[in-house]
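A.B. asks: Following this message is one structure expressed as C-alpha cells.
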Amino acid sequence: MPAVQLLLLACLLGGVGARTAQFQKANDRSGRCQYTFSVASPSESSCPEQGQAMLAIQELQRDSSEQRATLESTKARLSSLEALLHRLTSGQPAGPLETHQGLQRELEALRREREQLETQTQELESAYSNLVRDKSALEEEKRRLQAENEDLARRLESSSQEVASLRRGQCPQAHSSSQDVPSGSREVAKWNLENMDFQELKSELTEVPASQILKESPSGHPRNEEGGTGCGELVWVGEPITLRTAETITGKYGVWMRDPRAAFPYTGETTWRIDTVGTDIRQVFEYDHIRKFTQGYPSKVHVLPRPLESTGAVVYRGSLYFQAAESRTVLRYDLRTETLKAEKEIPGAGYHGQFPYSWGGYTDIDLAVDEIGLWVIYSTEAAKGAIVLSKLNPETLELEQTWETNIRKQSVANAFIICGTLYTVSSYSSPDATVNFAYDTGTGSSKALTVPFKNRYKYSSMIDYNPLERKLFAWDNFNMVSYDIKLSRL
C-alpha cells in the first residue's frame, strides 16, 4: 500500500506541474457523494496495465530493502563512531580501530604476564616457606644454646663458690675433746654421731709450672719426674675413625685441630675447623664440644684479618698459627681477643707451590705441635727441596733452632712431629700407604720406616699430631678422621 500511495502522489504532482488536473463530484449508485481528482501523466500517453503496476511496486520494494540495508550499515558506523568518541572523551589514546589480530596479540601478552606473575608468586611463596623453616630451626638452636649457656653459667657459679670456700681459712675443729672420752671407749666414740661435730676437709689447688713436671732428657725429649720420657718411636697407626664429613665442595681439603695446651675459656674438647678450598680463606669454625663438632653446630665463627693458605694451620696455647696467603709469613692469631699478636717471615722458605708436599695444594709451609712445642716444616732453595725443620717461639715466632734433613719434601705426601721426631707419609691417595721416614732432631739422624697408614678415602690433605690425646688428626677427601697410635719405649 505505501508504494501505491507514493505512485498516486507522484501522478498527482506530475499533473499539478502540467496544469492538467481535473476535479469532479458525483453520486455513486448507492447515492453517496464521491469526489474524483484526475491528473494526466507527464510521460505516459496511456495508463499502464495491471502487470506493469506490479513491476513498479516490486521495484519500489527492492529500493526500500536497499534503503533499509543502507540505513542499518549507517547505524553500525554511527555506533562505531560513538564508541570512538566515547574513548576520546574518556581520555584514552586515539588511534585506529583495533583489529581482531591486534586484540589476539594483546590477549596473548596478558596471558603471558599472568603466567609470569603466577610463577613469581609461587617462587616467592616457596622462598618464604624456606625462610620460615630456617627461622624456626635457628630459633630452636638459639633456645638450645641459651639453655646450655645458662647451665654453664650455673656450673661456673657453683665452681666459683666451691673455689672460694676452699680458699678460706682452716676448717673448724671439733668442739668435743678427746679427753672427755674414757680411754677404753675412744674407738667407739669416733662413731658416736650424736655427741660429735663433723669436720670439713680442706682442699687446696696449687698450679705447678710444666717445666717442673717435664724435664728434658739429653736427647731433647721431655722427661717426667720418674725419669721416663713418655716418648718413643712410632711403631703402629690404627684404623681411621671418621668423626665428621664436610657438606660442600669447599670442604674437600681442610684442617681441623684441638689445643693440646688449652687455656680458659677453651678446653681439650674445643675443636676448630677450616675449609681450605678457595682463594680468600678467612673463616675459622669453633665448636665448644666434640658433640657439636660431630653434629656440625659451630658455637662461633672467626673471620681472620688476613687470608690463610693451605692446610698447615695449628692451634696452640689459645692461638691459631697459620701461613698468610701467597707469602712466607707465619701469623699468630689470638682466638680469645680475635687479634693478630705476632708475625714472622720464615727466611728463604718456599711458598705458593715452590716446595709443596706431593699432593700439591700450596703446602709449602706446614706448622706442627708436639710435646716439646711449636714447629714449622718447609724447604728452601739452599736446601734444594729437602725438608727443613725449625723450632718456633710460640710468643714471638722467632726461630729458635733449625735442622736440615735429607728427605725430599715433594717426595712425601705429608709430615708430622712426635716427641721431636719428624715422620713422613709415603702417599696421600694409596689405601695402603706407610709412614716411611723418621728424622730425630735429638740425634740429627734419619731412617726408613714401614709403618702401615690407611688413606681410607684416598685423598689425605692434612695430617697432624695431638700430644694431649696421643692421636693423629687427618683430613681425607671431605672426611675428618683420627688415628690411634703406639710408641715404643725409649
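Cβ from N, Cα, C; glycine included.
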A.B. asks: Which candidate from D366, D370, D440 does Swiss-Prot annotate alongside N414, A415, I463, D464 at the Ca(2+) binding site?
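C.D. replies: The candidate from D366, D370, D440 that Swiss-Prot ties to Ca(2+) along with N414, A415, I463, D464 is D366.
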A.B. asks: Please name the cysteine among C33, C47, C419 that Swiss-Prot pairs with C231 through a disulfide bond.
C.D. replies: C419
A.B. asks: How many other Cβ atoms sit within 10 Å of the Cβ of N414 (Ca(2+) binding site)?
C.D. replies: 27
A.B. asks: Which whole number is the mean pLDDT over the coiled coil (51-170)?
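C.D. replies: In the predicted model, the coiled coil (51-170) has a mean pLDDT of 71.
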A.B. asks: Neighbour count, 10 Å Cβ-Cβ cut-off, for A415 (Ca(2+) binding site): what number do you get?
C.D. replies: 25
A.B. asks: Provide, as an integer number of angstrom, the distance between the C-alpha atoms of A415 (Ca(2+) binding site) and C231 (disulfide bond).
C.D. replies: 18
A.B. asks: Per 10 Å Cβ neighbour count, which of the recorded positions C231, C419, I463 ranks highest?
C.D. replies: I463
